[in-house]
Amino acid sequence: MIEVCLGKTGGAVLNTWVLILKLTASNKGCLTKIIWFWSLLGSPSPSPLSSSLSPAAPTKEKRNYCSVSTHLEAKSLWMPMPTVVSNMMMFFKKRRMVEVIPPKWRNLWTEWQLRVLILLSLTSQIVLVLLGKRRKYSAQPWIRFTVWSTYLIADSIALMAAGVISNDIGDVYDTGGFLDPKNELTTFWAPLLLLHLGGTDAITAYSLEDNELWKRHLVGVVVQAIAILYILLTTWTSSLISLLFLVMFFVGLVKYCERVCVLYLASEKKFRDSIPDVPTSGSKLMEKCKLKAMEGYHLTRHEVIEVEMLDDSTHEECIPHANELLTAYNLLEMAKRFFVDLILSFEDGAECRELMKFLSPSNASKCFKVIEIEIGLIYDLLYTKANVIYSLLGIARRIIGIFVTLIVLVLFLTLEEKHLYSKIDLTIALVLLAAALLLELYEFRELLISDQTAHWLITQKKISFLHFINSTLRPNWNTKRRCSNSIGQCSLLSFSLRKTTLLDDMLGFQTYDIPQKHMDDIKCLIFSEIENVRDWAQVRGTENGRPGRHTLKKMACLDLAWSVELRFDQSILIWQMATEICYYVSQTNDNGERESMDETSGEGMRRSCHYLSRYMLYLLVSHPIMLPLGTGNIKFGRVYAKVREFIKEHVNTSYKQNVLKDACKGLSEVKTEIMLTDDARDKHRSDRINFVMFHACKLASTLASVENKWEIIKGVWLEMLIHAASQCRGRDHAQQLRRGGELLTHVWLLMAHFGQTYHFQISRGSTIADAILR
């Protein structure tokens, strides 16, 4: 407060300002009128009294005294009118911004923000436990989106909650207060947040790149441990809650460290280094071989993979696919080398080929079941805690954690003086402890019914115990899913003819993913084709790397060789549309009757070719990285728009129920000879889509006159599928495992076990030992 001495003029002006402040404080709407009034009067000129505003300069004139509270200096009182008005406007604008959220809602958020964050963190853990592993065998978009969004926000919510707890404790001591029972109870939630940060067994990494962030999580362990220790030390009261806080802190810290260890073991470099190498020239075994060779012995090395089979057929009935499980587990080390793109010898490929033929001679279903189990094991190693939980320490950690959490829950229920705590906070604490115990029990159940546990029990001759586990914990063992068993489908003609919505344009190719069950005839076709291919050299060098040319040459149809000598993506587009046209046109003839099907063009083969064609286009649209280099430059939104224009221009059809069949029939009758003249080529030379459409119609019309057209179509698509699988790298296949796995990955791993991939490129040395590697 300062006392300002004003003359008559200055006092009148100051009184006017006081009146303005009072009016605007009571009625903010009059501020505009006051500004207009003062703009007419103009701003007063500086007064000479500004130099006598100090109490040390009294005058004889009648003085008006006014007590003014201000942060400004006295000389700033006579500022110009626009400046004063602008300051007033800034004052009221700031006041309105602060009051956007009413105090009642702010107080409610202050009271409930920690509770909401704690419950959200718990909810995210439940979602990840229940859905985290389902993406292993499900390709449904809603599951992927739910897991992705929950995985991203889970750690952030837990960290925010820990920060709020620490901030509340700091505010209590900054104000010189004491720790009340409410704050003491909420601090008990802090170590439970460490359990949430430790993650779940079902998912530790959403993608392979997350495994490379293990160093960041290691720093997070140190920081969070220090923060929660700070909370413990500042709130220590030697009460039962403080002791339970300390116990749960160690349980959560161990679980968080376990997550960091899993991420480290699944990182690319560590995962590659953990794979044992084949014996080298520097090993003890090879040193002994050299000594024997110097003595005149002729040595030959054979690598034998010993696979134990169940002798009793009743065990096979109780434990379905037990032999396939044993085979897959024994081939796991070889599969690891494939997924990290390690180079192996030609002899290793021959041994894998003989092993696969010995295990399942000409049995596609058993071979694909082995591949399915192998892919599931690789997924567990890369995306879950399988590297740790199946070890002795991992199992001990879970058993101890379950018992410790149970003891803490029981002691918390016997807590005295519960009336001192908030009923809501007490309920939340009980929910957190009970949920932590139930989640640990659920994850332990998943551990018991896993393939890894089944393999260990079989090798330890504990079949009866395994049967007991399967009958009690998993009654539907026969229907256990290990992969999605679906293939993506994409039809260019079908999507171009339907009426698209705004959602279709926003989501793009994601709306084309129409899952189809794996057909047994598709597996048989793929398996027989892989068996017919002798080695990787044949896959890589057949007809100068032009997939499909070998089939055309074998079927004496080299006049169609132009369709496979284009770029790989163009060949896929042309053959997919031609297959679509042939598929729907062959269903009915001119009289509307079913076309007769012989053994070579039966319904199963035609349907398989149709599914394979749509699957290859699906890969081109949604996963071009899995196809050979140089493909994937297709902008599908423009493609289907161009196709729609082409159909409207050359085919007389409308949007009816059978529009796809009508369009295919119309496209089969298009006069491609006129379109493919020199003038037409020059006209559409820059339009690749018209170029593809013209040649697709030409190919379809040519195939229609061929008797064994479906045999040709089948051979071409199988060659394209095998060629694409052989070109894709192991890391790209590993990335797709988080989406339920692709059929292309199954084909690639089956080819690898038959020695038909790029992994087998070196020959062994001449000094080889006769050894059995068990």
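Backbone N, Cα and C atoms are what each Cβ position is placed from, and that goes for glycine too.
Database features, via TrEMBL:
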- 148-495: domain 'DUF4220' (DOMAIN)
- 112-131: transmembrane segment (TRANSMEM)
- 143-165: transmembrane segment (TRANSMEM)
- 185-206: transmembrane segment (TRANSMEM)
- 395-415: transmembrane segment (TRANSMEM)
- 421-442: transmembrane segment (TRANSMEM)
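Counting Cβ pairs under 8 Å to the transmembrane segment (421-442), the stretch among 143-165, 185-206, 395-415 with the most such contacts is 395-415. Beyond its flanks by at least six residues, the transmembrane segment (143-165) meets 113-114, 117-118, 120-121, 124-125, 127-128, 131-132, 134-135, 186-187, 189-190, 193, 196-197, 199, 203, 206, 220, 224, 227-228, 231, 739 of its own chain at Cβ-Cβ distances under 8 Å.
Looking just at the domain 'DUF4220' (148-495), the mean pLDDT is 84.
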